[in-house]
């Protein structure tokens, strides 16, 4: 008797072996995220508790926790380097993401890392000068941070593009722990700087150095005595020096965190090939020659004027009442002019893109996704400060000069952030001129066609953006290169380069002002009188660090837009 075959639907073939690994991919990410959240909450508890004098959490406790975290992160980084760099035969990194860790990001990381090392030297010298009443952990902390910065910078410079395919869960947890360590250092630096600003503003006519020292000794539970006073010139140089280098330490931690996040996203990622990307990477000199020079010149003028305004503001804001008001009026007028020009320029760039025939790049790119998320998320801090200022200016006394300037400044700040984000995000999604997206062949190839001009070529959407020579050509290879590079000389791309350079320089000067101590939010009494000092100080101290980070991140994104335009 023959066996009757089943008549039901055919069973689907078994899933490939890689399926369970892909299913656990989300579980591995969840495990690393839970580890990072718990460690970050613990560090945040110590850091925030140490910021208040009445809480029995001292600076030594915070330094001990951060030192332990940095040492553990250094041990994991050394393990990673020994496994991937010293033993390349293990095939732990079969792919490398060409978009991750661009040269400008690694250059900024090295620059901020060097400044952080100088800050650690100043901190070590400052705490060593008063060792009799300071704990040894305060000297060990900057030394450990210097070692951590050196090891992490080397690690990120050579491994930022890695797509790891071995020990996936351990790698994810290690990357997330290192990222959390950088965020904890960032929180500690921001809190320390905010406490310093609050006490400096509460006694504007007092000596900032002695105020700072008294604050630290009070938080450490030690009485202010003659033995701990910072009276020598070297001690005061160390003290002021490491405070003014805090902005670079803050930016270093954020730059490292973004690069570590991209590495975390690339763990276990499969790519078509290990060497891909844009076929043409022009040099910075060639790009600069293709501008109209209007953007760089105007941006440099605003940068120099902004530095002068910032210096005059810092000198006059702590003086007499009349000089303080003049400094505030000058500060607000410069910012209003700068923000207005940046808004118009960003709008012009968006209008230029309406006439651009370049294709949109919608491929998966963790670096670009993170850039967009950080731009939108960091802008929320400045949005919050601006809306609080608008309510205070409108509901208070808008007829006063400072109230009107504060209102105009807040409105322009919202408009500038919005239009600049639109311009940057659209620029990052555009395919560079003369480059064809890798792995996206044209729908209908145009082999064998002869084009009389590049304008005719761009009117055919089915054709690749980069023309290719078919058969021998008397022009040879140089002719092919000239055809590929010709679109870069178009007036639209020159305008986009000028716009990118102008916005980049403006964002840098707008980062320098608040990062190095400009706080018109407290010198201008409009918001302080309306909300009260405690509430307004909490709003500014929470939101302003995100606004400072936005300026530096926008500058780095604009540099990438400039390179790809």
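Numbering starts at 1 and runs along the chain as displayed.
Cβ coordinates are placed from backbone N, Cα and C, and glycine is handled just like the others.
What TrEMBL says about this one:
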type: REGION; residues: 1-20; note: region 'Disordered'
type: TRANSMEM; residues: 30-50; note: transmembrane segment
type: TRANSMEM; residues: 62-82; note: transmembrane segment
type: TRANSMEM; residues: 103-119; note: transmembrane segment
type: TRANSMEM; residues: 139-158; note: transmembrane segment
type: TRANSMEM; residues: 252-272; note: transmembrane segment
type: TRANSMEM; residues: 292-313; note: transmembrane segment
type: TRANSMEM; residues: 333-353; note: transmembrane segment
type: TRANSMEM; residues: 373-395; note: transmembrane segment
type: TRANSMEM; residues: 499-518; note: transmembrane segment
type: TRANSMEM; residues: 530-550; note: transmembrane segment
Exercise. Have the transmembrane segment (103-119) and the transmembrane segment (62-82) got at least three CB pairs under 8 Å, pairs 6 or more apart in sequence?
Worked result: no
Problem set entry | Segment proximity, the transmembrane segment (139-158) to the transmembrane segment (530-550), 3 or more C-beta pairs under 8 Å | no
Problem set entry | Interface check, the transmembrane segment (333-353) with the transmembrane segment (499-518), three or more C-beta pairs under 8 A | yes
Seminar exercise, completed: Among 62-82, 139-158, 292-313, 499-518, the most Cβ pairs under 8 Å with the transmembrane segment (252-272) come from 139-158
Exercise. Hey, which of 62-82, 139-158, 499-518 has the most Cβ-Cβ pairs under 8 Å against the transmembrane segment (292-313)?
Worked result: 499-518
Exercise. Same chain, outside the transmembrane segment (62-82) by at least 6, Cβ under 8 Å from its Cβ: which residues?
Worked result: 39, 42-43, 46-47, 50, 135, 137-138, 140-141, 144-145, 147-148, 151-152, 155, 159, 171, 174, 177-178, 180-181, 184-185, 188
